[in-house]
Amino acid sequence: MAYSATQTKKGYQAGVKDYRLTYYTPDYTPKDTDVLACFRVTPQPGVPPEEAGAAVAAESSTGTWTTVWTDLLTDLDRYKGRCYDIEPVPGEENQYFCFVAYPLDLFEEGSVTNMLTSIVGNVFGFKALKALRLEDVRIPVAYLKTFQGPPHGIQVERDKLNKYGRPLLGCTIKPKLGLSAKNYGRAVYEALRGGLDFTKDDENINSQPFQRWRDRYLFVMEAVHKAQAETGEIKGHYLNVTAPTCEEMFKRAEFAKEIGAPIIMHDYLTAGFTANTSLAKWCRDNGILLHIHRAMHAVIDRQKNHGIHFRVLAKCLRMSGGDHLHAGTVVGKLEGDRAITMGFVDLMRENYVEADRSRGIFFTQDWASMPGVMPVASGGIHVWHMPALVEIFGDDAVLQFGGGTLGHPWGNAPGATANRVALEACIQARNEGRDLAREGNEIIREAAKWSPELAAACELWKEIKFEFKPVDTL
């Protein structure tokens, strides 16, 4: 027997009904296996928060705008997302934290791509909402165990480099575009020879007419090997393998491996999570470290009421795979409140992180022994920032000075030496029990007395400050 769209069958009534009748379940207790999400929801005028939260749960899981008879062909209660709690956002009008629980069966194993497609893929354009932001997610251990995670992790990287007890030092080669491959390699050599551990391609240097990737790789690795031989330290350069296609990306990665590169680089947001996960698995299989740049992140995470918070993007990267990830500086030119920044830094590198609203962490996260990601502090930092950077980030971080190395009045190598001396002075002072937060400037001045390179850097950048209030606050 055929039925029209308006006829009633057993258990089915066609038409449109409020989302909250099905997807708002305040009595629900989340399971240990649920993926949990916290959304900041701004409803349109006249839309109750319960309806808005339920709409988010519905449109990011099993729901659509009208009742469909095929709901009868599945167990909707088993598969639907549930808005189980709603809280007003403190200090904000008509904004609510809506907490949604998703059954684990909604997501493909080991796929950040699928997880994000479900949770944020469609609902952000929903007309009933003025704005929507994904603030945090809780990934259950049962789902985490389907991901490889970082190719190597912090401890394996330290063992590969034979460097312990201090942050690593890096430098982004500037100008980021326009140098020939040979001159680029020269800058790499000078910075590594001066005392840095790493140098780096910038995010947008791929394979342009002025510098094709193969030429850059060859000149750079010649510089790396020469600096290693002269200093006796293991050195590296982040060779950017981001490419127009995955096939080309792997071609570049294979060539980097052939010429002895210990580390390569990838722009994970612009290239996509599928490409990144594939590259991370290749890096583990081939013993290559993977540096991750977050180019394009601020397009997604900068607005306070719409988008995806970087702590979510950082969690997704740890699952997808990367050994380093840019994470802001707190003290440099880029956005970064200290409490919030350290919240997602801990989520990158610690094994277990308790919920802490003061740091923007809405859920306790157990990483189930997944290797950690080393945060990279980069953007407008120089020698005067060194004490604060060491005090804030501790040992397991990469402190990356681009202009703060290459902008030294005496050149690249003295700039690198100034940073290395400043770092070693801060580590020694800390290990002797001195307070870097209170005595930082004095520690740098003392070291500058016997290091002319550091003294010149201190004089050049003594007046440089970036005093803007962060946008990303609680």
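Positions of Cβ are set from backbone N, Cα and C atoms, glycine also.
In the three-state DSSP assignment, the secondary structure recorded for SER378 (substrate binding site) is strand. For SER378 (substrate binding site), the count of additional Cβ atoms within 10 Å of its Cβ stands at 24 [all protein chains shown]. Among the features that Swiss-Prot reports, substrate binding site is placed at ASN122, THR172, LYS176, ARG294, HIS326, SER378.
As annotated by Swiss-Prot, Mg(2+) binding site applies to LYS200, ASP202, GLU203, with the evidence given as sequence analysis. In the three-state DSSP scheme, GLU203 (Mg(2+) binding site) is classed as coil.
Annotation source Swiss-Prot lists N6-carboxylysine at LYS200, citing sequence analysis. All chains included, 29 other C-beta atoms sit within 10 angstroms of the C-beta of LYS200 (Mg(2+) binding site).
As annotated by Swiss-Prot, site 'Transition state stabilizer' applies to LYS333, with the evidence given as sequence analysis.
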Looking only at ASN122, THR172, which of these binding-site residues has the biggest number of Cβ atoms within 10 Å around its Cβ?
THR172
Max CA-CA distance, Å, over listed substrate-binding residues ASN122, THR172, LYS176, ARG294, HIS326, SER378:
36
Binding-site residues near ASP202 (Mg(2+) binding site) (Cα-Cα within 10 Å), from ASN122, THR172, LYS176, HIS326:
THR172, LYS176
List nothing but the one residue from LYS176, ARG294, HIS326 whose Cβ has the fewest other Cβ atoms within 10 Å; the candidates are the binding-site residues.
LYS176
Looking at Cβ-Cβ distances, which residues of the chain lie under 8 angstroms from GLU203 (Mg(2+) binding site) while being 6 or more apart from it?
LYS176, ASN240, THR242, ASP267, THR270, HIS293, ALA295
